[in-house]
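Per Swiss-Prot, these features apply:
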MOD_RES   Met1  N-acetylmethionine
MOD_RES   Ser383  phosphoserine
MOD_RES   Cys406  S-8alpha-FAD cysteine
SITE      Ile335  site 'Important for substrate specificity'
SITE      Cys374  site 'Important for catalytic activity'
TOPO_DOM  1-497  topological domain 'Cytoplasmic'
TOPO_DOM  519-527  topological domain 'Mitochondrial intermembrane'
TRANSMEM  498-518  transmembrane segment
Amino acid sequence: MERQEKANNAGHMVDVVVIGGGISGLSAAKLLNEYGINVLVLEARDRVGGRTYTVRNENVDYVDVGGAYVGPTQNRILRLSKELGLETYKVNVNECLVQYVKGKSYPFRGAFPPVWNPIAYLDYNNLWRTMDDMGKKIPADAPWESPHAEEWDKMTMKDLIDKICWTKTAKRFASLFVNINVTSEPHEVSALWFLWYVKQCGGTTRIFSVTNGGQERKFVGGSGQVSERIMHLLGDRVKLRCPVTYVDQSGDNIIVETLNHELYECQYVISAIPPTLTAKIHFRPELPSERNQLIQRLPMGAIIKCMMYYKEAFWKKKNYCGCMIIEDEEAPISITLDDTKPDGSLPAIMGFILARKADRLAKVHKEVRKRKICELYAKVLGSQEASHPVHYEEKNWCEEQYSGGCYTAYFPPGIMTQYGRVIRQPVGRIFFAGTETATQWSGYMEGAVEAGERAAREILNALGKVSKKDIWLREPESEDVPAFEITRTFWERNLPSVTGLLKIIGFSTSVTALWLAVYKFRLLTRS
């Protein structure tokens, strides 16, 4: 009776309702609209963009306080943004990057800081090589089907790091690598999931690099424009301040209800929100047990994104580009990038407070965070000019109730093999998008576009408008942002690990001892 009453009161009938007005949901809606499908996007916030958010004010002009970076091999977001009339610019790494470790700053160039200790170098080299080799054994579209899935999914990344690395230097940087890439701790995440995550982003070098990597570029005017321009195209088919609370697909049409009791009827639904947020929605019939269990087991990463503005880019006077990799437990920030505008105006440094540090520093006042960051930059860059910013912007994604955190949801140990296969499995006429469901650059804007367009094509296939083989389409490489192959040198490919070196030394010692024993024996027998 209740369903019939809701159906009678539903004032809007559409073909598809998309839950979530981030890049993924809007990409889905845009594609459906191009096929003549009557689509409606319901967004909980008073803005579109989801985990991308461009703030505009007189102090910053514009600033991305959420997802911002694009680069080679991220061909879908590059194609979509170009279609929407957006341009990219390169993040500055013309000068030296800085590694800060044990209270000292070391300038360097390249993706990773150099290591001068030969044993630590072997350890580092083996870490990246082993992670990439393990990733090659994981299918991007079905990591749970990896030959080692069960074994690796029972391990945390801390377990794996402890297993691979011998030196404290390598272990410390490997932990930072996890913090930076997935905004969570090594002991929290499944080794299988993290290895898959790095693999589907192109490997350890591609995911971590600025040049030829995931952080090479930003959008002129901000990444929020992607969603804003799609909303402009869709017009009144995007509704803000409409959190969805109820989805009933027990009848011929699906009934969708929002928090303010607006009712909509449709044939299909796309859920384009983080998996854990679907727990805020009441479903009828109830979700299948595996899906219900999955959404309770995928926490979000923790991050506070901080932008410090200065009168001038003083770091360039020291031949620094603004990128800092900071290995210090007491430091609030773990990594920074230059966030100066492409025309050189509004000099700024963007820094991430990550994982355990985000949790700790979220408890203090904004001004305390600002002071701690300024003190840190002054130490790392060796300049008191860092202590005198002209403006500070930040965004604590941990307090966003309609995101739950950033960048992405992560899989704790055991979850990928037990429940992972249902991540994008439709439930009746409900299909799932969101960057977490992507198979390339999941966690990035690229993954959001892939997932949204794939979910849209699943519905188009159900409607008989595209064939099943066209649900998953290969994206041509961007002509504007070409990707260059990442290769390893002969030594990077062939140097032994520390364990391998010890075995070589042990074998050599044994052979030498045996030779000496034989030599002495011969001398004795001759005499």
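From the backbone N, Cα and C atoms, a Cβ is placed for every residue, glycine too.
On the structure: features taken from Swiss-Prot.
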{"residue": "Ile335", "record": "site 'Important for substrate specificity'", "Cβ within 10 Å": "18"}
{"residue": "Cys374", "record": "site 'Important for catalytic activity'", "Cβ within 10 Å": "18"}
{"residue": "Ser383", "record": "phosphoserine", "Cβ within 10 Å": "16"}
{"residue": "Cys406", "record": "S-8alpha-FAD cysteine", "Cβ within 10 Å": "28"}
Cα proximity to the residue listed as 'S-8alpha-FAD cysteine', best match among recorded positions Ile335, Cys374, Ser383: Ile335
Cα separation, Cys374 (site 'Important for catalytic activity') to Ile335 (site 'Important for substrate specificity') (Å, whole number): 14
Mean of the pLDDT scores, which run from 0 to 100, over the topological domain 'Cytoplasmic' (1-497): 96
Integer Å distance between the CA atoms belonging to Cys374 (site 'Important for catalytic activity') and Ser383 (phosphoserine): 10
